[in-house]
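Among the features that TrEMBL reports, domain 'PAS' is placed at 133-203. The feature region 'Disordered' is assigned by TrEMBL to 278-303. Per TrEMBL, the feature compositional bias 'Polar residues' maps to 282-293. What TrEMBL records for 400-739 is domain 'PDEase'. Among the features that TrEMBL reports, AMP binding site is placed at His476, Asn477, Ser478, Thr479, His480, Asp517, Asp645, Gln697. What TrEMBL records for His476 is active site, proton donor. Residues or ranges marked as Zn(2+) 1 binding site in TrEMBL: His480, His516, Asp517, Asp645. Positions annotated as Zn(2+) 2 binding site by TrEMBL: Asp517.
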Amino acid sequence: VLLVFAEEDEQSHGFRWACDKAGFRCHLARTPQSALECFLEKHHDIIIIDHRHSRYFDAEALCRSIRTTKASENTVIICVVQRHTDREETSILPLISAGFTRRYVENSSRMACYNELIQLEFGQVQAQFKLRACNSLFTALEKSQEAIEITSEDHVIQYVNPAFETMMGYQIGELIEKELTEVPINEKKADFLDTINSCIKIGKEWQGMYYAKKKNGDSIQQNVKILPVIGQGGKIRHYVSISRLCNDNNKVEKTCECIQAESQTDTQTCRHKDMRKGSLDVRSTTSRGSDGISQRRRSSMARVHSMTIEAPITKVINIINAAQESSPMPVAEALDRALEILRTTELYSPQLGTKDEDPHTSDLVGGLMTDGLRRLSGNEYILSAKQTHQVAGSLSSPISLNDIPPRITQAMENEEQWDFDIFELEAATHKRPLVYLGLKIFARFGICEFLNCSEATLRSWLQVIEANYHSSNSYHNSTHSADVLHATAYFLSKERVKQTLDPIDEVAALIAATVHDVDHPGRTNSFLCNAGSELAILYNDTAVLESHHAALAFQLTTRDGKCNIFKNMERNEYRTLRQVIIDMVLATEMTKHFEHVNKFVNSINKPLAALEENGNNGDGESIKTVLRSPENRILIKRMLIKCADISNPCRPREQCIEWAGRISEEYFAQTDEERRQGLPVVMPVFDRNTCSIPKSQLSFIDYFIIDMFDAWDAFADLPNLMEHLNNNIKYWKGLDGRNLRVLRPPP
């Protein structure tokens, strides 16, 4: 409320008291200039202007000034006039002409002022709120893709939206205030028109198809819904017609179906029936002569299009379909191609045809991103299901963090740095780096304190997990697990990541990194599916290894209290931690690689970049909103472990070369076994006699690494990793340019 009184008196005090009692915010202005400035800043709902003393200011002139502003469109302005007992009542027309909403005859009684404000709130102010809301409704109508026409009860056109103008070729000025019969829009037979009228005049909704004539004379087929709107006195006051062009080329008989509409005779509001329910009835769109099968098919499709739980991709396809209806032919054809892509299941996986047809890339992608061909031979590859796994009781007593030999301590001195050498630790620990590095990193992050477990339990757990990695694998062994654990800890120490994740997320990330490849057989998912392995059968050929790693990790942990690091956790916290660990381990499966990366870029990189471009890099709240939403935190954790898992090309050169040799050897061994067993060869290019390791590394980096680490670097700020990556790319290109197929140039 804005009070405009040149001098405070009992009347102004009465309104101020009334505002306090009613809980209204109140401002007081003494001059027309200050009143106008205050109103333009605060946009008050009610303005009360003192008109009793013209010597101070001209109240009517002030009201006119306020009314010239756009902000006053829905403002209630009250004029306080003097009480004259000996004078004849004067006309209020001059006040109304000046823009006042109503007059208040001075009465300084506090309760009289309070009653006036309450009457205004529930009368004029509430009405203005509704009018203000109409702007939003009309904005929605203006932007609607469907053609909308509103007529009076006498079928006089009162409104059409831009979509209607586009569809019919008329300008709005040619239609407003015209009767439907004056405008030759609809090509209706008399009996057909009577049928529609008989339906809508009794308050029922009509839906069906008919042909309409555009301004230029062209005839178009429309799917139309006409809704009667019940207003004051329970009578029909308006008709709303919603139309869209029909894409179906089949001839459709002009049939109609009356659908009972809910009506409410409340004079304040009018509620309409749920539009979605109306769209479920498709009898109006079926042909009279069609058979039962086609009727049922159309009925099913109508239900599909009006599903209450609609997937985002369905909404996107519907939007594109609607846009096609009024698009020029080249645009419509381009949208057709877009729809073709959207209807595929692999939306995030690039199609190899769009890249150069390099066999190294083809084989790598085929081997890493598919679940393999179905088994083509009678051989079966038995893995893990009947294998005896190492448990705590079968292992020697683990060493304490305080008893680590000096050589191992020295090898772990710089474990907080990215250039830490995992192979030096592997040699110092006789291929048992995971226990030692795990003890140090878990102590640094306070994992035992969070889990409420002893260091002895953690030592036993690390030893059990490491014992179930296969030291015979050249790549997927406990050294790889320790390397991923190190990368995870390094990423967790970056400032942006620390801002984002909670302690439980850090604990989950470190545990997930430790167990993410436990009991890996040194063979790909495609191999296991083709071989008909028991694990592939158990997990239905879907994320076979990743599902196994996660499941076995919890089996090994909870099987024996000596190594159960979760045994002292509260149940709900354990459930949350378990879900995060499983999600992160499953995120390392490569078939979802591009989905995870693209979601990260679109949901995190781009919004953060937009905030920085708009000069909001100091706006902590906006950045926090992006970083801390539950959905985005999941994406960040997935991206973190994915980058840690395949960070080898971002390591210092000698480590990068060593890892490249190890993964190549594992793929060579798989190709050898596939040929021995008569299985489909998943990656033929990995033949130890012909494979070019530099080419395979360049293909892997180009296809999987560059985009992902560009996105992760933009988020976490990792210049040293990107420098190593660029140096390693130059190294592999140098070897490939000399047509060398080996890891290192000859002496």
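Using the three backbone atoms N, Cα and C, a Cβ is placed for every residue, glycine included.
Note: TrEMBL annotation is automatic and uncurated.
Since the structure is predicted, the reported quantities are computational estimates derived from the model, not experimental observations.
Here His516 (Zn(2+) 1 binding site) is positioned 12 angstrom away from Thr479 (AMP binding site), judged by their C-alpha atoms. The C-beta environment of Gln697 (AMP binding site), restricted to residues of the same chain at least 6 apart in sequence and closer than 8 Å, consists of Pro649, Ala660, Asn728, Trp732.
Here Ser478 (AMP binding site) comes close to Lys431, Arg432, Pro433, Leu434, Glu466, Tyr469, Ser471: these same-chain residues lie at least six apart in sequence, with C-beta atoms under 8 angstroms from its C-beta. Those same-chain residues not listed among His480, His516, Asp517, Asp645 yet with C-beta within 8 angstroms of the centroid of the Zn(2+) 1 site C-beta atoms are His476, Ser481, Val484, Ala513, His520, Thr588. Spatially close to Asn477 (AMP binding site) yet at least six residues away along the chain are Lys431, Tyr469, His470, Ser471, judged by Cβ distances under 8 angstroms. Geometry remark: His480 (AMP binding site) versus His516 (Zn(2+) 1 binding site), CA distance 10 Å. Long-range Cβ proximity for His516 (Zn(2+) 1 binding site), meaning a same-chain Cβ under 8 A and a gap of 6 or more residues, is found for Ser481, Val484, Glu546, His549, Met584, Val585, Thr588, Ile641, Asp645. Around the Cβ of His480 (AMP binding site), 24 further Cβ atoms fall within 10 Å across all displayed protein chains.
Long-range Cβ neighbours of Asp517 (AMP binding site) (same chain, at least 6 residues apart, Cβ-Cβ under 8 Å): Tyr469, His476, His480, Ser481, Val484, Leu545, His549, Thr588.
Thr479 (AMP binding site): 28 other CB atoms within 10 A of its CB, across all protein chains. The full span of the recorded AMP binding residues, His476, Asn477, Ser478, Thr479, His480, Asp517, Asp645, Gln697, taken as their largest Cα to Cα distance, is 22 Å.
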